[in-house]
Amino acid sequence: MATCGRGCVPAVRFCQRLNRLKTLDDDLMVTSMKRCLTMVDLALLGVGGMVGSGLYVLTGTVAKDTAGPAVVLSFLIAGIASLMAALCYAEFGARVPRTGSAYMFTYVSCGEIWAFLIGWNVVLEYMIGGAAVARAWSGYLDSMFNHTIQNYTENHIMKWNVPYIAHYPDLLAAGILVVATIFITFGVRVSSWLNHIFSAVSLVVILFILVFGFVLADPVNWSQKEGGFAPFGVNGVMAGTATCFYAFVGFDVIAASSEEAKNPQRAIPMATAISLGMAATAYILVSTVLTLMVPWHSLDPNSALSDAFFRRGYSWAGYIVAVGSICAMNTVLLSNLFSLPRIVYAMAEDGLFFSFFAKVNPVTKVPVNAILVFGLLMAVMALIFDLEALVQFLSIGTLLAYTFVAASVIVLRFQPEKEKTSSKANSTTSPNSNPEPSPEVSESQIIAQDSGELKEYESFSDKLQLVEMQKTRERSAPGVLKARWEPYLGRMLGDFEPGEVVAFSVLAVMVSSVSLCAVFVFGSNQLQLPTWSIALLIVVFGSTFLLCLVIIYAHEPHVNTKTFQVPLVPFIPAASILMNVFLMLKLSPMTWIRFTVWVAAGLLVYFGYGIWHSKEGLREMQPKDMAARYVVLPSGSLVETVQSVQPNGQHDASTLHTTPSRSAEEQQAKR
């Protein structure tokens, strides 16, 4: 530090600005939005976000091309992997009931620039996801009428021949997005009831598929005669799992709605578990029925369920399936349009995005500007872009958000509790605060904080009791090394600040996860490494990954019985990080190039606007109250006076603790 000199100060301050954390209000339930969503509303929002076109398209595609009937296992494993990420979202949604989802969670734990980049990428994911679903909705409906709409548009309106641009403007997809955007602006209750209607129809159709499908099921289709249950082996099951994982993307709409939930501490975790359980059950049972109705190798990937009923002689059932498919896609569309404006609103409310989007309608209590602008942008994307070009952008931002949320859970679990100072108490020193004690009066201050009054302690046994109390408190504080691990790790890790070792270990977990997954994904093909070097790298990075988890586990966690907490921390979040990183590295190079371009554009927005208008930055520039403490130590007594020094120079005596002295004359003389 001494050799760095003054030249390092601007760089350090700049890094501190980039990594400043969001300060939460004392009362997190106070909001400009309307808290009206129940647990049922949130659960149906989650089901609607997950059970969409994937149920009608993805099941047939994975079964025929990747896993065969073992697609059932692929959905089961993918559901368990999604549960790990969902639990992390549930903890944050209950602990921080604010809109913004992954953006907000990253802001309170990792830092400002990371939160902005997460929010920036999630915004793109929602825009692309909504536009892609609208294109799929339009194409599915148009196919029911022999592509009449497409033919009319190409012949009488317009036709293009441009790469990455659709061959014709999809007016139907843009139109459905505009209509849905208008409905979303009417308020959260209207959006919720629309979702209820479409979800109810979709669930009824799923129930029809299951009942009628099991009646038509033939176990021969899983026999060796048709290729067996797992014709592609374990590799096919795991490859199918990577694809099926994306079917569960959408549960984060529950966490994004936490600011509009009536009882988020209870409703968010319950709704997350219920919705994910319902979605996983639907995917597993429907894939079971589908592969039992007809041989898996004869499925039509584009319309597997409708074609399966048609081939069994029940073509009329295909129309019921079509109705269910359209309703399911409507719920996904509403989910995207519901979540996207709220993340934009959260970023604008914090000053990191344009303040125009922070406006909340006083009647409907929704961010109307963000809804209209981004709804129309989504409609424009659906109008001109091809579905395949849109889908290539998907997933990377969502997986990155899952990774940061899982890391944030570990960081906050082992982070010391921060002191909260309400706005009313800025001018006074709260009795619950825990200022840095001076060496001379540390014991007396501890006793004052424990009992609420200052007492006289003169005996040697009392001094020993104070020391033991202080040691016990320090050992049980979050982020410090557990007592049973001190003989092994105390010399190496005992001198760090509480939570500091955990933060570095989480960073090492993420780096080792990337390295380990890179060896698995690129080691034998792209890098062409010999077998012995691949094995060595796996051992090195795997050991580092596990060692970091052991070091994190060796520290005291923060126990909160008031809200839901992820079990088995840090192991469940670490497993989620590993899974997300693996799936990100499996994406195409072009996706990473587009991701890099989008991140660069986001950095321009942040350094051009966000960093200068950040409310956390403005809060740091405000003058802070200064506290002056005066301690008098007469023989056998302690008099402590705490005063608050206001910025205008006025002094306000806020706290006065006086212990009776041996005589009033001695105390007066000391004054």
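Glycine residues also receive a Cβ, built from the backbone N, Cα and C atoms like all the rest.
Nobody curates TrEMBL annotations by hand; they come from automatic prediction.
Sequence annotations record features per position, and here TrEMBL assigns compositional bias 'Low complexity' to 423-444.
For 648-662, the entry in TrEMBL reads compositional bias 'Polar residues'.
Marked as domain 'Cationic amino acid transporter C-terminal' by TrEMBL: 564-614. Assigned with DSSP, the residues of the domain 'Cationic amino acid transporter C-terminal' (564-614) fall into helix, strand and coil as follows: 40 helix, 0 strand, 11 coil.
The region 'Disordered' feature in TrEMBL is assigned to 421-445 (among others).
Marked as region 'Disordered' by TrEMBL: 648-671 (among others).
Tertiary proximity for the transmembrane segment (70-90) is limited to same-chain residues at least six positions away from its ends with a CB under 8 Å from its CB atoms, namely 59, 62-63, 101-102, 105, 229-232, 236-238, 240-245, 247-248, 251-252, 254-255, 268-269, 272-273, 276, 279-280, 283-284, 287-288, 291, 402, 405-406, 408-409, 564, 566-567, 572-573, 575-576, 579-580. Feature annotation from TrEMBL assigns transmembrane segment to 70-90 (among others).
Positions annotated as transmembrane segment by TrEMBL: 171-190 (among others).
Feature annotation from TrEMBL assigns transmembrane segment to 197-217 (among others). Here the transmembrane segment (197-217) has Cβ contacts under 8 Å with residues 44, 47-48, 51, 55, 282, 285-286, 289-290, 292-293, 305, 308-309, 312, 314, 317, 320-321, 323-324, 327-328, 330-331, 334 of the same chain, all six or more residues outside its ends.
Marked as transmembrane segment by TrEMBL: 237-255 (among others).
Same-chain neighbours of the transmembrane segment (267-296): 37-39, 42-47, 49-51, 54-55, 59-60, 62-64, 68-69, 71-72, 75-76, 79, 82-83, 86-87, 89-91, 93-94, 97, 206, 209-210, 213-214, 216-219, 221-222, 226-227, 231, 244, 247-248, 251, 254-255, 258, 261, 304-305, 308-309, 311-312, 564, counting only residues six or more beyond its ends whose CB sits under 8 Å from a CB of the stretch. Residues or ranges marked as transmembrane segment by TrEMBL: 267-296 (among others).
Taken from TrEMBL, the feature transmembrane segment covers 316-338 (among others). Listed as Cβ neighbours of the transmembrane segment (316-338) (distance under 8 Å, sequence separation of 6 or more from its ends, same chain) are residues 45, 47-49, 51-53, 55-56, 126-127, 129-130, 133-134, 136-137, 140-141, 144, 176-177, 180-181, 184, 191, 194-195, 198-199, 201-202, 204-206, 208-209, 212, 250, 253, 256-257, 303, 305-307, 309-310, 371, 375, 378.
Among the features that TrEMBL reports, transmembrane segment is placed at 366-385 (among others).
Listed by sequence, the residues of this chain that lie at least six past the ends of the transmembrane segment (391-414) yet keep a Cβ under 8 A from its Cβ atoms are 84-85, 88-89, 91-92, 95, 101-102, 105-106, 108-110, 114, 118, 121-122, 124-125, 128-129, 132, 246, 249, 252, 478-479, 499, 502-503, 506, 509-510, 552, 555-558, 565-566, 569-570, 573-574, 576-577, 580-581, 583-584, 587-588, 590-592, 594-595. What TrEMBL lists as transmembrane segment is 391-414 (among others).
Annotation source TrEMBL lists transmembrane segment at 501-522 (among others).
Sequence-distant contacts of the transmembrane segment (534-554), counting only residues of its own chain at least 6 positions beyond either end whose CB sits under 8 Å from a CB of the stretch, comprise 410, 414, 481-482, 485, 489, 493, 501-502, 505-506, 508-509, 512-513, 515-516, 519-520, 523-524, 570-571, 574, 578. Here TrEMBL flags 534-554 (among others) as transmembrane segment.
The transmembrane segment annotation in TrEMBL covers 566-585 (among others).
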Feature contact check the transmembrane segment (566-585) with the transmembrane segment (501-522), CB under 8 Å, 3 or more pairs:
yes
Which value does the mean pLDDT take for the domain 'Cationic amino acid transporter C-terminal' (564-614) in this predicted structure?
91
Would you kindly check 171-190, 366-385, 566-585, 591-612 and say which stretch has the most C-beta pairs under 8 angstroms to the transmembrane segment (237-255)?
566-585
